[in-house]
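Colleague: Here it is, the structure in full.
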Amino acid sequence: MLYTNNYNIPKIIIALDFYNKKEAMTLVDLLDPSVFYLKIGKEMFTILGFKFVKELHKLGFNVFLDLKFHDIPNTVFNATKAAADLGIWMLSVHASGGKNMLLSAKKALKSFKKPPLLIAVTMLTSLKEKDLKEIGIKISLKDYILILSKLSNDCGLDGIVCPGNQAKKIKSLYGDKYKIITPGIRLSSDSSFDQKHIITPKEAKEFQIDYIVIGRSITTSKNPIKKLNLIIESMR
């Protein structure tokens, strides 16, 4: 691979967007756990459960468990604690769950010596402003993200998932310790799939994003390592 973590570029999280373990492991076996992070979302976690997380840990990978908890505070407290018990590196909750829910998630991690990074999802990248209006949110998408970013920071979370074009503004408000994770990363030649907020890897570097999440651009590629090298080279 061309890439090492010594490069001053966003770190790469590979989203394991598969429907079966065999396909997932075919890709995982090509990756260096000292360089790449892995994301398990609702699909793979529902299919394979916590045992798959532990298997990836045994291979040396840091795992981002992207389950986007969004429920009453007590439920999120217990779910967060259960997730942290797996020894994961990062965990997501929905910022729109509100202050009490976010505080409950943070509280659930207090007993852990090395808790996972707790990250708030501000908005799904499949949504546009008209989608917000349809559910009664009348402010702009940009302002909505800024409000939820502030709420998440105030509640002591470690960072947010947000569209890349908001990253610089959020970094200027909350500093480098507040991590920015951005999905929807595509080379200009890639399909957008169902993502509405797309940026290129080069833009991700310019926007000071900490972690980029790359899924179907890699998982649907006939040569995922070649594609990863192209992405990495475009950020150097």
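Numbering starts at 1 and runs along the chain as it is shown here.
Positions of Cβ are set from backbone N, Cα and C atoms, glycine also.
Per Swiss-Prot, the feature active site, proton donor maps to Lys68; the stated evidence is sequence analysis. For Asp17, Lys39, 66-75, Thr125, Arg186, Gln195, 215-216, the entry in Swiss-Prot reads substrate binding site, with the evidence type sequence analysis.
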Colleague: What is the number of other Cβ atoms found within 10 Å of the Cβ of Leu67 (substrate binding site)?
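Modeller: Taking all protein chains shown, Leu67 (substrate binding site) has 17 Cβ neighbours within 10 Å.
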Colleague: Measuring CB to CB from Gly215 (substrate binding site), give everything in the same chain under 8 Å that is also at least six residues away in sequence.
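Modeller: Listed in sequence order: Ile14, Ala15, Asp17, Lys39, Pro183.
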Colleague: Taking just the CA atoms, what is the gap between Thr125 (substrate binding site) and the residue listed as 'active site, proton donor' in Å?
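Modeller: Rounded to the nearest whole number, the Cα-Cα distance is 13 Å.
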